[in-house]
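Novice: What follows is a single structure, and I will ask about it in a moment.
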Amino acid sequence: MAAHQEKKPAQERKHKPSQNDTQTSQVQWGRAWEVDWFSLASILFLLLFVMMIVYYFIMSCDQYQCSLTDPLRDLLTGNTHLPDIWNKTPMLTYRAASIYCLWVAFQVFLYMFVPDFCHKFLPGYVGGVQEGAVTPAGVVNKYEINGLQAWIITHVLWFANAYYFHFFSPTIIFDNWIPLLWCANILGYAVSTFAMIKGYFFPTNAKDCKFTGNFFYDYMMGIEFNPRIGKWFDFKLFFNGRPGIVAWTLINLSYAAKQQELYGQVTNSMILVNVLQGIYVLDFFWNEAWYLKTIDICHDHFGWYLGWGDCVWLPYLYTLQGLYLVYHPVQLGTANAVGVLMLGLIGYYIFRATNHQKDLFRRTDGNCRIWGKKAKDIECSIDGTKYYSKLMTSGFWGWARHFNYTGDLLGSLAYCLACGFAHILPYFYIIYMTILLTHRCIRDEHRCSSKYGKDWKLYTAAVPYRLIPGVF
């Protein structure tokens, strides 16, 4: 769903960006203008069933020790019935509602009212007020980049409470996990519905709205490009980064605390999951300014896909490994633990180094050295106009057209391998990520093919593989 960083087409660098360039590529921006029956059927399926998928995973851990097959077997054999499962499910509580409201309010406060100070003393970190990309209407939005600061403040307070103040138990998130699920759903649907109403009646910029005429498609994929309240509260940036991703590491810490409470120790597999996913989260916030240039911000409209996905899908399904390890603690042998750690670090290195090569190429207009050699590229005409982009064919980008995704997948696999092989549930993440990133490859390349035409064929001939050199 959301949060994984999707880059703009390949490694393009425009020689002469202009308003005309924006207009010529308008048809390729964001979501579809018309909706076919297959797309509509897919949208309806997701709206009707994806919440049930999340519930099924969480329920299977709560009632069936994380088995994905036992609930179905019990239902098919008549050993249990749907009302029985539902009646055992914890409902919304005042305590969970209070926790969730306080959490979201605190993140809004950090986002809106605490200007970034990290960029003043952290070398290499880009924070504070930054400009985003040009929207289809020609608007350049400004953002207060302070996600790293919000993450640090939140986690300092978390550890201060755990070790000194003891206002609440570190297991508070796990102990209220399903009641918090209902809170997250309420917010996800509320913000998605509000964004749609806003798009119809009081959009931030009417020229950046897109209507297909299909209610369900518009609700899911969004109408407004950059819905905002006031000057600074940007729905897309806030919900993409906060509160879900800030919570990601807190959720894992709560799982580790629960494991300590139940078994008297935290296993090395739980530590690996916390460390590897923590690196990914910190990377996201360290590069939050760079995130303004990704497809999530530059092309996607804000609807249920992002609103509900960031509130529910991300925090509940991206953290399945830690949840599984609470119910099934795994202590890996030294060699296996080192292997998982190395795989995760190698995946992260590829992910970060690949993006660094692209950023270096973009900043220098291709006048740079990659792996000690002058960067190579293919110059492509944009939509048949006199404006051009350069697509890099050096370094990792010469190995595969989306090698950053390859690194992402290696890291994702490491999270799952830390859980052993007793259950399939923790492997949902790598299965989902493989489908998601493969789809993004195809989606991105379809748009690039339309944008660059015959020049795109030259590029794909030079770099024939999408993800895995020699395979795909």
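Just so it is clear, glycine is given a Cβ too, placed from its N, Cα and C backbone atoms.
As listed in TrEMBL for this protein:
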type	residues	note
COMPBIAS	1-12	compositional bias 'Basic and acidic residues'
REGION	1-23	region 'Disordered'
TRANSMEM	37-58	transmembrane segment
TRANSMEM	92-114	transmembrane segment
TRANSMEM	148-165	transmembrane segment
TRANSMEM	177-197	transmembrane segment
TRANSMEM	302-320	transmembrane segment
TRANSMEM	332-351	transmembrane segment
TRANSMEM	412-437	transmembrane segment
Novice: Under 8 angstroms, Cβ to Cβ: which one of 92-114, 177-197, 412-437 has the largest number of such pairs with the transmembrane segment (332-351)?
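Specialist: Checked against 92-114, 177-197, 412-437; highest Cβ contact count belongs to 412-437.
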Novice: Can you work out which residues elsewhere in the same chain, 6+ from the ends of the transmembrane segment (177-197), have a Cβ less than 8 Å from its Cβ atoms?
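Specialist: Hits for the transmembrane segment (177-197): 51, 54-55, 58-59, 62, 89-93, 95-97, 99-101, 104, 218-219, 222-224, 227, 235, 239, 302-304, 307-312, 315-316, 323.
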Novice: Against the transmembrane segment (412-437), which of these stretches has the most C-beta pairs under 8 Å: 37-58, 92-114, 302-320?
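Specialist: Ranked by Cβ pairs under 8 Å, first place goes to 302-320.
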Novice: When you scan the chain for residues with a C-beta under 8 Å from the transmembrane segment (148-165), skipping those not six or more beyond its ends, what do you find?
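Specialist: Result: 106-107, 110-111, 114, 116-118, 122, 125, 127, 242, 246, 249-250, 253, 257, 281-282, 285-286, 288.
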